[in-house]
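Here is what Swiss-Prot records for this protein:
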{"type": "ACT_SITE", "residues": "GLU121", "note": "active site, proton donor"}
{"type": "BINDING", "residues": "CYS12, CYS92, CYS181", "note": "[4Fe-4S] cluster binding site"}
{"type": "BINDING", "residues": "HIS40, HIS70, HIS119, SER209, SER210, ASN211, SER251", "note": "isopentenyl diphosphate binding site"}
{"type": "BINDING", "residues": "HIS40, HIS70, HIS119, SER209, SER210, ASN211, SER251", "note": "dimethylallyl diphosphate binding site"}
{"type": "BINDING", "residues": "HIS40, HIS70, HIS119, THR151, SER209, SER210, ASN211, SER251", "note": "(2E)-4-hydroxy-3-methylbut-2-enyl diphosphate binding site"}
Amino acid sequence: MKIVVAKNIGFCFGVERAIRTVEELLDEGKKVVTDGEIVHNKQVMEQLTKKGLKVSSEMTDGEVFVVRAHGIPKDRLEELKKIFPEVVDLTCPIVSQLFKTAQRYAKERKVIVFGKEDHPEMVALRGYAPAIVTKVPFKLEEKKVVFLSQTTSSLEEYKEFVAAMIRMNEFEEAVFLNTICPVTVNREREVEELSKICDLSIVVGGKHSSNTGKLFRIASKHSKTIWIESPDELPADVVKYGTVCVFSGTSTPNSLIENVVRKLKEMEGKRDGTI
(Lines of atoms letter the chains of each structure in order from A and count residues from 1; the text may use other names and numbers.)
(Lines give C-alpha, C1' and ligand atoms only; values in the text may rest on other atoms or scores of the structure.)
Protein backbone atom coordinates (compact mmCIF):
# COMPACT_ATOMS: atom_id res chain seq x y z
CA MET A 1 0.00 0.00 0.00
CA LYS A 2 1.35 3.40 -1.04
CA ILE A 3 0.30 6.29 1.24
CA VAL A 4 0.21 9.76 -0.31
CA VAL A 5 -0.41 12.73 1.99
CA ALA A 6 -1.60 15.96 0.37
CA LYS A 7 0.65 19.02 0.61
CA ASN A 8 -2.19 21.30 1.70
CA ILE A 9 -3.24 19.85 5.06
CA GLY A 10 -3.72 20.94 8.66
CA PHE A 11 -5.09 24.18 10.05
CA CYS A 12 -5.61 27.26 7.93
CA PHE A 13 -4.22 30.51 9.40
CA GLY A 14 -7.63 31.65 10.68
CA VAL A 15 -8.24 28.45 12.62
CA GLU A 16 -4.66 28.33 13.91
CA ARG A 17 -4.96 31.92 15.14
CA ALA A 18 -8.25 31.22 16.92
CA ILE A 19 -7.01 28.09 18.69
CA ARG A 20 -3.69 29.66 19.68
CA THR A 21 -5.46 32.69 21.17
CA VAL A 22 -7.89 30.58 23.21
CA GLU A 23 -5.04 28.42 24.53
CA GLU A 24 -3.06 31.51 25.54
CA LEU A 25 -6.06 32.96 27.40
CA LEU A 26 -6.62 29.66 29.22
CA ASP A 27 -2.91 29.39 30.09
CA GLU A 28 -3.19 32.83 31.69
CA GLY A 29 -5.81 31.36 34.01
CA LYS A 30 -8.73 33.35 32.60
CA LYS A 31 -12.31 32.05 32.56
CA VAL A 32 -12.96 31.78 28.84
CA VAL A 33 -16.48 31.40 27.43
CA THR A 34 -17.90 30.92 23.93
CA ASP A 35 -21.32 30.03 22.52
CA GLY A 36 -20.40 27.19 20.14
CA GLU A 37 -17.57 25.35 18.43
CA ILE A 38 -14.53 27.61 17.98
CA VAL A 39 -13.80 25.42 14.95
CA HIS A 40 -15.64 22.46 13.48
CA ASN A 41 -13.44 19.70 14.88
CA LYS A 42 -14.47 17.41 17.72
CA GLN A 43 -10.97 16.52 18.92
CA VAL A 44 -9.83 20.15 19.02
CA MET A 45 -12.93 21.21 20.96
CA GLU A 46 -12.46 18.34 23.44
CA GLN A 47 -8.88 19.48 24.08
CA LEU A 48 -9.95 23.08 24.64
CA THR A 49 -12.80 22.18 26.99
CA LYS A 50 -10.44 19.97 29.01
CA LYS A 51 -8.20 23.00 29.41
CA GLY A 52 -11.13 24.99 30.76
CA LEU A 53 -13.05 26.49 27.83
CA LYS A 54 -16.77 26.77 28.64
CA VAL A 55 -19.24 26.33 25.77
CA SER A 56 -22.87 27.35 26.21
CA SER A 57 -25.38 29.53 24.36
CA GLU A 58 -26.80 30.73 27.69
CA MET A 59 -23.58 31.32 29.64
CA THR A 60 -22.92 34.82 30.97
CA ASP A 61 -20.41 34.01 33.72
CA GLY A 62 -16.82 34.48 32.62
CA GLU A 63 -13.97 36.93 32.23
CA VAL A 64 -13.45 36.61 28.49
CA PHE A 65 -15.90 35.81 25.70
CA VAL A 66 -14.29 34.59 22.48
CA VAL A 67 -16.04 35.02 19.16
CA ARG A 68 -15.76 31.92 16.99
CA ALA A 69 -13.84 31.83 13.71
CA HIS A 70 -17.17 31.84 11.82
CA GLY A 71 -18.18 35.18 13.36
CA ILE A 72 -21.44 36.28 15.02
CA PRO A 73 -24.13 38.85 14.15
CA LYS A 74 -23.18 42.48 14.79
CA ASP A 75 -25.93 43.15 17.35
CA ARG A 76 -24.96 40.02 19.29
CA LEU A 77 -21.36 41.23 19.41
CA GLU A 78 -22.48 44.54 20.89
CA GLU A 79 -24.60 42.75 23.52
CA LEU A 80 -21.64 40.60 24.57
CA LYS A 81 -19.45 43.66 25.05
CA LYS A 82 -21.95 44.88 27.67
CA ILE A 83 -21.97 41.52 29.50
CA PHE A 84 -18.31 40.46 29.56
CA PRO A 85 -15.30 42.44 30.82
CA GLU A 86 -13.39 41.36 27.71
CA VAL A 87 -14.53 40.18 24.27
CA VAL A 88 -11.93 38.74 21.90
CA ASP A 89 -13.09 38.61 18.29
CA LEU A 90 -11.55 35.55 16.61
CA THR A 91 -13.56 35.86 13.41
CA CYS A 92 -11.39 34.74 10.49
CA PRO A 93 -10.10 37.86 8.64
CA ILE A 94 -11.43 36.49 5.34
CA VAL A 95 -14.86 35.98 6.89
CA SER A 96 -14.77 39.50 8.34
CA GLN A 97 -14.00 40.85 4.87
CA LEU A 98 -17.04 39.01 3.50
CA PHE A 99 -19.25 40.68 6.11
CA LYS A 100 -17.89 44.13 5.21
CA THR A 101 -18.37 43.48 1.49
CA ALA A 102 -21.98 42.39 1.98
CA GLN A 103 -22.66 45.42 4.17
CA ARG A 104 -21.20 47.79 1.56
CA TYR A 105 -23.06 46.37 -1.44
CA ALA A 106 -26.38 46.06 0.43
CA LYS A 107 -26.69 49.86 0.27
CA GLU A 108 -27.20 49.80 -3.50
CA ARG A 109 -28.28 46.32 -4.62
CA LYS A 110 -29.67 42.95 -3.55
CA VAL A 111 -27.10 40.69 -1.90
CA ILE A 112 -27.26 37.01 -2.89
CA VAL A 113 -24.92 34.66 -1.08
CA PHE A 114 -24.16 31.12 -2.23
CA GLY A 115 -24.04 29.13 1.00
CA LYS A 116 -25.79 27.06 3.65
CA GLU A 117 -28.49 29.13 5.30
CA ASP A 118 -27.96 27.64 8.77
CA HIS A 119 -24.15 27.71 8.73
CA PRO A 120 -22.76 29.92 11.56
CA GLU A 121 -20.92 32.10 9.04
CA MET A 122 -24.14 32.77 7.13
CA VAL A 123 -26.13 33.40 10.31
CA ALA A 124 -23.51 35.96 11.29
CA LEU A 125 -23.47 37.58 7.84
CA ARG A 126 -27.20 38.31 7.95
CA GLY A 127 -26.51 40.29 11.10
CA TYR A 128 -24.44 42.69 8.98
CA ALA A 129 -26.53 42.89 5.80
CA PRO A 130 -29.96 41.76 4.56
CA ALA A 131 -28.98 38.91 2.25
CA ILE A 132 -30.56 35.94 0.53
CA VAL A 133 -28.52 32.84 1.40
CA THR A 134 -29.16 29.76 -0.72
CA LYS A 135 -27.59 27.08 -2.91
CA VAL A 136 -30.64 26.74 -5.16
CA PRO A 137 -31.10 29.10 -8.16
CA PHE A 138 -34.37 31.08 -8.09
CA LYS A 139 -36.34 33.86 -9.81
CA LEU A 140 -35.84 37.37 -8.47
CA GLU A 141 -37.63 40.67 -9.15
CA GLU A 142 -34.67 42.91 -8.29
CA LYS A 143 -32.60 44.04 -11.28
CA LYS A 144 -29.39 45.05 -9.49
CA VAL A 145 -27.64 42.26 -7.61
CA VAL A 146 -24.28 41.22 -6.22
CA PHE A 147 -23.22 37.59 -5.89
CA LEU A 148 -21.06 36.56 -2.93
CA SER A 149 -20.20 33.16 -1.49
CA GLN A 150 -19.71 31.51 1.86
CA THR A 151 -15.94 31.41 2.29
CA THR A 152 -15.79 27.60 2.40
CA SER A 153 -17.98 26.87 -0.65
CA SER A 154 -16.78 25.10 -3.77
CA LEU A 155 -15.64 27.62 -6.38
CA GLU A 156 -16.99 25.51 -9.25
CA GLU A 157 -20.37 25.03 -7.56
CA TYR A 158 -20.51 28.78 -6.90
CA LYS A 159 -19.81 29.58 -10.57
CA GLU A 160 -22.50 27.12 -11.67
CA PHE A 161 -25.00 28.74 -9.28
CA VAL A 162 -24.28 32.24 -10.61
CA ALA A 163 -24.54 31.07 -14.23
CA ALA A 164 -27.93 29.47 -13.49
CA MET A 165 -29.15 32.65 -11.76
CA ILE A 166 -28.18 34.78 -14.76
CA ARG A 167 -29.99 32.40 -17.14
CA MET A 168 -33.16 32.46 -15.02
CA ASN A 169 -33.31 36.22 -14.48
CA GLU A 170 -33.05 39.48 -16.42
CA PHE A 171 -30.62 41.49 -14.32
CA GLU A 172 -29.65 45.00 -15.38
CA GLU A 173 -26.51 44.88 -13.25
CA ALA A 174 -24.98 41.74 -11.78
CA VAL A 175 -21.70 41.89 -9.86
CA PHE A 176 -19.86 38.61 -9.25
CA LEU A 177 -17.23 38.54 -6.48
CA ASN A 178 -15.07 35.58 -5.50
CA THR A 179 -15.23 35.66 -1.69
CA ILE A 180 -14.12 32.05 -1.22
CA CYS A 181 -11.06 31.53 0.98
CA PRO A 182 -7.99 30.96 -1.25
CA VAL A 183 -6.70 28.32 1.19
CA THR A 184 -9.80 26.19 0.62
CA VAL A 185 -9.60 26.77 -3.15
CA ASN A 186 -6.01 25.48 -3.20
CA ARG A 187 -7.09 22.36 -1.31
CA GLU A 188 -10.00 21.90 -3.66
CA ARG A 189 -7.69 21.96 -6.68
CA GLU A 190 -5.18 19.59 -5.11
CA VAL A 191 -7.89 17.08 -4.20
CA GLU A 192 -9.35 17.35 -7.72
CA GLU A 193 -6.01 16.33 -9.26
CA LEU A 194 -4.53 13.98 -6.67
CA SER A 195 -7.66 11.88 -6.13
CA LYS A 196 -7.50 10.84 -9.78
CA ILE A 197 -4.45 8.65 -9.05
CA CYS A 198 -5.85 7.19 -5.81
CA ASP A 199 -7.54 3.86 -5.29
CA LEU A 200 -8.82 5.19 -1.97
CA SER A 201 -9.11 8.79 -0.76
CA ILE A 202 -9.34 9.45 2.98
CA VAL A 203 -10.70 12.87 3.97
CA VAL A 204 -9.96 13.70 7.61
CA GLY A 205 -12.07 16.32 9.38
CA GLY A 206 -15.12 17.18 11.45
CA LYS A 207 -18.49 16.00 10.15
CA HIS A 208 -19.87 19.53 10.65
CA SER A 209 -17.10 21.11 8.59
CA SER A 210 -18.33 22.58 5.29
CA ASN A 211 -14.89 22.73 3.69
CA THR A 212 -14.18 19.10 4.64
CA GLY A 213 -17.49 18.04 3.11
CA LYS A 214 -16.55 19.86 -0.06
CA LEU A 215 -13.28 17.93 -0.31
CA PHE A 216 -15.15 14.67 0.25
CA ARG A 217 -17.52 15.43 -2.65
CA ILE A 218 -14.65 16.31 -4.98
CA ALA A 219 -12.59 13.21 -4.17
CA SER A 220 -15.69 11.01 -4.53
CA LYS A 221 -15.88 11.93 -8.21
CA HIS A 222 -12.56 10.23 -8.93
CA SER A 223 -11.99 7.47 -6.36
CA LYS A 224 -13.47 5.42 -3.57
CA THR A 225 -13.63 7.95 -0.72
CA ILE A 226 -14.23 7.82 3.02
CA TRP A 227 -14.68 10.70 5.48
CA ILE A 228 -13.34 10.09 8.99
CA GLU A 229 -12.90 12.12 12.17
CA SER A 230 -10.36 9.81 13.83
CA PRO A 231 -8.04 6.86 13.02
CA ASP A 232 -10.45 4.52 14.82
CA GLU A 233 -12.90 4.95 11.94
CA LEU A 234 -10.54 3.42 9.37
CA PRO A 235 -12.17 0.27 7.91
CA ALA A 236 -10.33 -3.04 8.17
CA ASP A 237 -10.25 -3.49 4.39
CA VAL A 238 -8.28 -0.26 3.84
CA VAL A 239 -5.16 -2.39 3.30
CA LYS A 240 -6.54 -3.85 0.06
CA TYR A 241 -6.06 -0.56 -1.80
CA GLY A 242 -2.87 0.07 -3.75
CA THR A 243 -2.62 3.86 -3.47
CA VAL A 244 -4.23 5.61 -0.52
CA CYS A 245 -4.37 9.42 -0.44
CA VAL A 246 -4.96 11.45 2.72
CA PHE A 247 -6.60 14.90 2.65
CA SER A 248 -7.82 17.18 5.42
CA GLY A 249 -10.16 20.07 6.12
CA THR A 250 -8.87 23.39 7.44
CA SER A 251 -10.00 22.60 11.01
CA THR A 252 -8.01 19.36 11.17
CA PRO A 253 -4.76 19.45 13.22
CA ASN A 254 -1.57 17.99 11.76
CA SER A 255 -1.32 15.67 14.77
CA LEU A 256 -4.59 13.98 13.79
CA ILE A 257 -3.40 13.47 10.22
CA GLU A 258 -0.15 11.99 11.52
CA ASN A 259 -2.14 9.58 13.69
CA VAL A 260 -4.19 8.49 10.68
CA VAL A 261 -1.02 7.80 8.66
CA ARG A 262 0.51 5.93 11.61
CA LYS A 263 -2.61 3.78 11.91
CA LEU A 264 -2.54 3.01 8.19
CA LYS A 265 1.07 1.84 8.45
CA GLU A 266 0.23 -0.31 11.47
CA MET A 267 -2.67 -1.92 9.62
CA GLU A 268 -0.44 -2.63 6.63
CA GLY A 269 2.24 -4.08 8.91
CA LYS A 270 -0.24 -6.46 10.53
CA ARG A 271 -1.42 -7.61 7.13
CA ASP A 272 2.15 -8.30 5.98
CA GLY A 273 3.11 -9.87 9.29
CA THR A 274 5.81 -7.29 10.01
CA ILE A 275 4.11 -6.15 13.23
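Including glycine, each Cβ sits where the backbone N, Cα and C put it.
What you see is a predicted model, and the numbers here were worked out from it, not measured in a lab.
Note: SER251 (isopentenyl diphosphate binding site) has non-local neighbours PHE11, VAL15, VAL39, HIS40, ASN41, VAL44, GLY205, GLY206, SER209, ASN211, THR212, i.e. same-chain residues 6+ apart with C-beta under 8 A of its own C-beta. Here is what falls inside 10 Å of the CA of CYS92 ([4Fe-4S] cluster binding site) among the binding-site residues HIS70, HIS119, SER210: HIS70. Cα of CYS12 ([4Fe-4S] cluster binding site) to Cα of THR151 ((2E)-4-hydroxy-3-methylbut-2-enyl diphosphate binding site): a span of 12 Å. Here the candidates are the recorded positions GLU121, THR151, CYS181, and by Cα distance the one nearest HIS70 (isopentenyl diphosphate binding site) turns out to be GLU121.
Long-range Cβ proximity for HIS119 (isopentenyl diphosphate binding site), meaning a same-chain Cβ under 8 A and a gap of 6 or more residues, is found for HIS70, GLN150, SER210. In this structure the alpha carbons, written CA, of GLU121 (active site, proton donor) and CYS181 ([4Fe-4S] cluster binding site) are 13 Å apart. Distance from the CA of THR151 ((2E)-4-hydroxy-3-methylbut-2-enyl diphosphate binding site) to the CA of CYS181 ([4Fe-4S] cluster binding site) is 5 Å.
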